[in-house]
Amino acid sequence: MLLRSILLYLSRKKKFAESIMKFSVFNKMALRFVAGHTINDAVESAHKLNQTKITATFDHLGENVLTDEQAIESANEYIVILNEINKHKCIANASLKLTQMGLDISPSLCLSNVEKIVKRANELNNFIRIDMESSNYTDLTLDIFQKLRKQYNNVGIVIQAYLYRSEKDIDEILKMKGSIRLCKGAYMEPSTVAFKKKKETDLNFIKLTEKLLLDSEYHAIATHDEKMIQATLDIAKKNNVPNNHYEFQMLYGIRRERQLELVQQGYNMRIYVPYGKEWYPYFMRRLGERPANIFFILKYM
Ligand SMILES: Cc1cc2nc3c(=O)[nH]c(=O)nc-3n(C[C@H](O)[C@H](O)[C@H](O)COP(=O)(O)OP(=O)(O)OC[C@H]3O[C@@H](n4cnc5c(N)ncnc54)[C@H](O)[C@@H]3O)c2cc1C
């Protein structure tokens, strides 16, 4: 728990990030969780996944941009992603973070950037998933999602099971027929807003999974936790939920054998494929989830 807190604390330190990212050895290590630096790397990874009947969601790494220009540039990169997915016939959609689209600068700038992306995705018959960031952004993120969802049905959202508020948020989203990716939550949160014990988050995850599987929309259950996977399979079996009514999602580079196994057993599986040079906070959150990964780094070094 202490190590996790340290890693999540460091994930937000820009100066520390700049020093780490200068070393090519760390860049190479990040490739355990990141497809590469360019869109071509992401396309290549998606093709490999697609060959095994696994779908993908592209993520261009980057968050908390500070200028309008950076936010617009980030939005333009997502237009490139959608065009490349279409051109290379990848079975993939895209996931994005609102702080990468200018949420810290102005919610209206962010909304117009994301709307441009969702509109292009709509033209290409594709889908955009809005990732959920720390709890400082939950209200703003849900607000932007709801505004977009009223106009477009090809946009979905992420809900984090560690937040106390999530059941209520899910109820609101289901009322507007929104599509949800349920995950546990990856940020450092105080006990005033989030469960601190794994057991409590897990119980809430299972409760919320049941709500999603019994809903009429198509939702995603994002976890590598075998207990959560089994609970999902049990809920589906008990309630006769067909395999094609929902999908599992996992992150690139984590539990690859289990990803394949679930697909071979007839379940839908989508992999989150991040790429880009801004890998540092993403990489640190992955280490925070499983500090044992630090041993992998030490072994590498
Ligand atoms: C597709 C996808 C999208 C996500 N989007 C978001 C988002 O928008 N917002 C957000 O806050 N979080 C997001 N997350 C991260 C999520 O919140 C969790 O932090 C992460 O998935 C770890 O939780 P877990 O359910 O896998 O279980 P945990 O309880 O963390 O882990 C259970 C077991 O899974 C395996 N495992 C978990 N993580 C790792 C790892 N890094 N390396 C190796 N093995 C591991 C280990 O065997 C571990 O014992 C996303 C996760 C996925 C899979």
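Quick reminder: no glycine exception, Cβ is built from N, Cα and C everywhere.
Around the Cβ of Arg285 (substrate binding site), the number of neighbouring Cβ atoms within 10 Å comes to 18. What TrEMBL lists as substrate binding site is Lys97, Arg285, Arg286.
Taken from TrEMBL, the feature FAD binding site covers Met132, Gln160, Lys184, Gly185, Ala186, Lys198, Thr223, His224. Cβ-based neighbour count (10 Å, all protein chains) for Ala186 (FAD binding site) stands at 21.
Under the heading domain 'Proline dehydrogenase', TrEMBL lists 43-293. Mean pLDDT for the domain 'Proline dehydrogenase' (43-293) in this predicted model: 96.
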(request) Identify which of the following binding-site residues, namely Met132, Lys184, Thr223, His224, Arg285, place a Cβ less than 6 Å away from any atom of ligand 1, and list them by sequence position. (result) Met132, Lys184, Thr223, His224
